[in-house]
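A short worksheet on the structure shown next.
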Amino acid sequence: MSKNTLKKELSLTQVIAMAAGGMIAAWMVEIKYWFELSGVGSLAALGLCAILVLFLAEIYSEMTAMLPYAGGSGVWATNAFGWNVGWAANWALLLLYIMAMPTVTYGISSMIGYFYPITFTQTKILAVVITILWFFLTNMEIKFLARIQNILFWSTLVVCVLADIIFIFSSHWSIKTMMPIFPNGSRGFFLAVGLLIFKFIGFDMVPQLAEEANFSRSKVKYAFIGAIGLTFLVYGMAILGVGGIVSTDWILQVDIVDPRVASLIGMPWLGTLVVILGIGTCVTTLSGFWLSAARSLYAGARQRQYPLFFEKVNKFGQPSNANIVVGLLALYFTAFAPENWVNYIYVIYGVTAGSVYLSVVLSFIKLRKTQPDWERPHRVKLPVLVSAISLIFILWVFIASFTEMNKGGLVVLLIYVTLGLCFWMYARYKQKADPENWKPYLINPETEKIHE
């Protein structure tokens, strides 16, 4: 196993940029769905969601510092509950990242449509082409990809916050325009909190990249806090900026929000700048999700849960075979996405995120009891309270997601589960047919010392 290892090349700011970049991505397209759920009140929903995610992030911080290996929650669940539960957690984690990629490619296509109007079919074709082209970039050195995203993310952050400040202080902005704050009442707010977890998916990239981080494990908590905090800043400012200028009805009728608002107030140059940087950030964000998904397969192969060829790492330190399968899965979800793709992906994402986060919290509780002596550079204070709040939030996510799920979303989930069962049966068969090479392997401080 020692030949197929990842390279330690990522700084703290690069990890924050990749994680936050994953969360921020195509907000100027997706913001329409937020306003549809709860109007300007989505700001409050987003704030509450961010606070609840921070409790989850506290658990993630302890687990990542204790088990800083690619695979994240899949590795943790395998150590806590064994091979079968770990397999299921890893497969759910893979879907979490795979589903993120169509949102990025469709977001890029929609933003390109700002310059030249295109149909949904053309948008879909463009999204598929972007996915295929990006496969080749994902096989390059991670430090190269991280440097590009670092530059684009921080540039986009500065420009977008400044744009929202310009919106807020323009003569067109008014608190009256925001009324009513909660157009869909308590139900809309409840659904918004549960479904907006989607916009914080990306903070869980941190454990996927931990094995390649070159900073102290004790600082990993700052990666989570930084990524979540910056994400809320960008989203919160966007909601305030556009919500005070245009109505919810107006937002629901346009293709891309922030740039159209900039044009409305006589600053088309600002809209153009925001779109260009947004496209750049989305393109590099695609790398973050792709790399994380590939590392889920890589870790699964190391634990003998997936075919062993996923363990292969190329000369640039990338799991190249895993990248191929990730690309194929991303193409599937992109090609079959309906025209209301944002709603479609949010709902499936909510169910998947709830499943992954549930496995993380339960693994945290179990390993606190079964492995109390493992080194924990970061420890959760008040673990019972933090776990209880996290579990309540996860239940909230499940209820909101299943409430909004339609037949199409359920079919997609069932197809993915069926595909997973094929992998599971294959692994079980190989364990019997080739027990020497398929013997289950635990990735933890005790076993990894042998290979350091």
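First residue shown is number 1, and so on along the chain.
Cβ atoms here come from the backbone N, Cα and C positions, even for glycine.
What you are looking at is a predicted structure, and each value in this text was computed from that prediction instead of being measured.
Going by TrEMBL, these are the annotated features:
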- 12-29: transmembrane segment (TRANSMEM)
- 41-60: transmembrane segment (TRANSMEM)
- 114-139: transmembrane segment (TRANSMEM)
- 151-169: transmembrane segment (TRANSMEM)
- 189-210: transmembrane segment (TRANSMEM)
- 222-246: transmembrane segment (TRANSMEM)
- 266-299: transmembrane segment (TRANSMEM)
- 320-338: transmembrane segment (TRANSMEM)
- 344-364: transmembrane segment (TRANSMEM)
- 384-402: transmembrane segment (TRANSMEM)
- 408-427: transmembrane segment (TRANSMEM)
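Of the candidate ranges 41-60, 114-139, 266-299, 320-338, 266-299 has the most C-beta pairs within less than 8 angstroms of the transmembrane segment (151-169).
At the 8 Å Cβ threshold, with sequence separation of at least 6, the transmembrane segment (189-210) lacks contact with the transmembrane segment (320-338), having fewer than 3 such pairs. Residues of the same chain lying 6 or more positions beyond the ends of the transmembrane segment (222-246) and with a Cβ under 8 Å from any Cβ of it are 12, 15-16, 19-20, 23-24, 27-28, 31, 34-35, 39-40, 42-43, 46-47, 50, 53-54, 57-58, 60-61, 157, 160-161, 163-168, 170, 172-175, 177-178, 199-200, 202-203, 206, 257-258, 261, 264-265. Within its own chain, the transmembrane segment (408-427) has Cβ neighbours under 8 Å at 87-88, 91, 95, 304-307, 333, 336, 338, 344, 347-348, 351, 438, counting only residues six or more beyond its boundaries. Same-chain residues lying 6+ beyond the ends of the transmembrane segment (344-364) with a Cβ under 8 Å from its Cβ atoms: 33, 56, 59-60, 62-63, 73, 76-77, 79-81, 85, 88-89, 92-93, 95-96, 99-100, 102-103, 194-195, 197-198, 201, 204, 333, 337-338, 380, 383, 387, 390-391, 394, 397-398, 400-402, 404-406, 408-409, 412-413. Within its own chain, the transmembrane segment (384-402) has Cβ neighbours under 8 Å at 52-53, 55-56, 58-59, 190-191, 193-195, 197, 347, 349-351, 353-354, 357-358, 361, 364-365, counting only residues six or more beyond its boundaries. Of the candidate ranges 12-29, 114-139, 266-299, 114-139 contributes the most Cβ pairs within a distance under 8 Å of the transmembrane segment (320-338).
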